[in-house]
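Peer 1: Can you keep this structure in mind? I'll have questions shortly.
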Amino acid sequence: MNPGDFKDFAKAMTDYITEYLENIRDRQVVPSVKPGYLRPLVPEQAPQQAEPWTAVMADIERVVMSGVTHWQSPRFHAYFPTANSYPSIVADMLSGAIACIGFTWIASPACTELEVVMLDWLGQMLGLPDQFLARSGGEGGGVIQGTASEATFVALLGAKSRMMHRVKEQHPEWTETDILGKLVGYCNQQAHSSVERAGLLGGVKLRSLKPDSKRRLRGDTLREAIDEDIRNGLIPFYVVATLGTTSSCAFDALDEIGDVCNASDIWLHVDAAYAGSAFICPEYRHFMKGVEKADSFNFNPHKWMLVNFDCSAMWLKQPRWIVDAFNVDPLYLKHEQQGSAPDYRHWQIPLGRRFRSLKLWFVLRLYGVENLQKYIRKQIGFAHLFERLLTSDERFELFEEVTMGLVCFRLKGSNEINEELLRRINGRGKIHLVPSKVDDVYFLRLAICSRFTEESDMHVSWEEIKDRLMMFLKSKGAVLIKIICSTTRRTKNILTYIKQNIFRDVGL
């Protein structure tokens, strides 16, 4: 491809992207395809000769878009959001053009240094303590990981490295195997599955502790578990406090947990993957009270802060424990400036890394802090709008207090009736939700996921839910008519059946 073709192709693609995003609400959210749909749409082998770029453009709708789930649609309410914005898309274009692999400072000085500064900018926006920021002149600093799952695992390995070092000093006769068998970490039962996975990958025990009635892990619960394990000869070394659980956006009691961890010198990692973006708004920082007691903190700008995936921001007070855990230093990666600037290969699992800080730089400059704050507040406002619509209908109930851009709700009645309602909602494909279950209670999650969302979209989603419920009730009514027409039993028995099998399911 020559420069002229590149310009033409890029112009056509930017036009296509703009048209796609600005009209995305017109598309069915989830595609009507089955596994294996794509293979028949493309040749069995790669072409021997080059094709024109226009041929590729012509195939995008037929091959790709026919099987895309449209996460940026205002009607997509599943999981948590994945962020998207024009500045971030353009930054990814530049990153792709530079095409550096920034594993050391010398591999691309700008790649490292912009990341250091952007993590300081971002940390200040959140109100993080200076101990986490490189600008403070201390040991602390930030790094961009690929995902919060990586950050959780990296923090666990750092905590493990620190505790192994301490225990070896106290018990030089113990082997690493002896120590590893005694290490134990803790988290909320509602913590993300990646926390459990980090324990498995790290080869250590991880206990999931029961939260209180508001789904929060409390300090007393953690203290009791730690005391019990110490009595049993174990070594507590790591705790994950979740701010905004995946199931219901509950917040652990960070301040209490921090006191317990500090008293026992246990590494405290804060996972604020989704909710952390809201902390750029001062009115939501009460959820992170006690963050100064943490050893590491993580949130995902790529979820809710208009920075495209992947961009997971992590800060550490003492990154040396991470560096020590990952330090493999072959001659071909050494350089004369080692020690003068971070070599981020020591702060992560992979060696290679993209120029991800460009996305932060572009977004923070082209939006500004005030507009990002307005965006977060607007999205939370949409969640409260849906909450009001929901609570105006006596057939529904909230499962969890609405604090961020997530509404957890259910139809009054059995789990089975809610499962059927969700099947009908998602089966039509106009909107898309996912469920969760806490304490054996099944509920639906409606997340505000798109930067294109407006008030009218919330009304559309609410009307679709009510419409699917009405169709479900009509199907129940058809069953009822069939029973009445075919039964020869007494009226009393019919009414009993109706009460037990029809009205009960919908909370009537």
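Placed from the backbone N, Cα and C atoms, the Cβ positions cover glycine too.
What Swiss-Prot records for Thr82, His192 is substrate binding site, and it gives similarity to another entry as the kind of evidence. Among the features that Swiss-Prot reports, pyridoxal 5'-phosphate binding site is placed at Ala148, Ser149, Thr246, Asn300, with the record citing similarity to another entry. Taken from Swiss-Prot, the feature N6-(pyridoxal phosphate)lysine covers Lys303, and the record attributes it to similarity to another entry.
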Peer 1: Do you see any of the binding-site residues Ser149, Thr246, Asn300 whose C-alpha is within 10 Å of His192 (substrate binding site), and which ones?
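Peer 2: Near His192 (substrate binding site) by Cα: Ser149, Thr246.
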Peer 1: Based on Cβ atoms within 10 Å, give me the single least packed residue among the binding-site residues Thr82, Thr246.
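Peer 2: Lowest Cβ count within 10 Å among the binding-site residues (Thr82, Thr246) is Thr82.
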Peer 1: If you measure Asn300 (pyridoxal 5'-phosphate binding site) to Thr82 (substrate binding site) at Cα, how many Å is it?
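Peer 2: On Cα coordinates alone, these residues lie 9 Å apart.
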Peer 1: Of all the binding-site residues given, namely Thr82, Ala148, Ser149, which is spatially nearest to the residue listed as 'N6-(pyridoxal phosphate)lysine' at the Cα level?
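Peer 2: Answer for the nearest of the binding-site residues: Thr82.
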Peer 1: Lys303 (N6-(pyridoxal phosphate)lysine) has how many other Cβ neighbours within 10 Å of its own Cβ?
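Peer 2: Neighbour count, Cβ to Cβ under the 10 Å cut-off: 24.
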Peer 1: Other than its own, how many Cβ atoms are within 10 Å of the Cβ belonging to Ala148 (pyridoxal 5'-phosphate binding site)?
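Peer 2: Total other Cβ atoms inside 10 Å, all chains included: 24.
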Peer 1: Round to the nearest Å and give the CA-to-CA distance linking Thr82 (substrate binding site) with Ser149 (pyridoxal 5'-phosphate binding site).
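Peer 2: It is 15 Å, counting Cα to Cα.
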Peer 1: Neighbour count, 10 Å Cβ-Cβ cut-off, for Asn300 (pyridoxal 5'-phosphate binding site): what number do you get?
Peer 2: 29
Peer 1: With every protein chain in view, how many other Cβ atoms are within 10 Å of the Cβ of Ser149 (pyridoxal 5'-phosphate binding site)?
Peer 2: 20
Peer 1: Including all protein chains shown, what's the count of other C-beta atoms within 10 A of the C-beta of His192 (substrate binding site)?
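Peer 2: Summing over all protein chains shown, His192 (substrate binding site) has 22 other Cβ atoms within 10 Å.
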Peer 1: Cβ within 8 Å of the pyridoxal 5'-phosphate site's Cβ centroid: which residues qualify beyond Ala148, Ser149, Thr246, Asn300?
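Peer 2: My list of surrounding residues reads Thr147, Ala151, Thr152, His192, Ser194, Asp271, Ala273, Tyr274, Asn298, Lys303, Ser312.
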Peer 1: Tell me whether Lys303 (N6-(pyridoxal phosphate)lysine) sits in a helix, a strand or coil according to DSSP.
Peer 2: helix
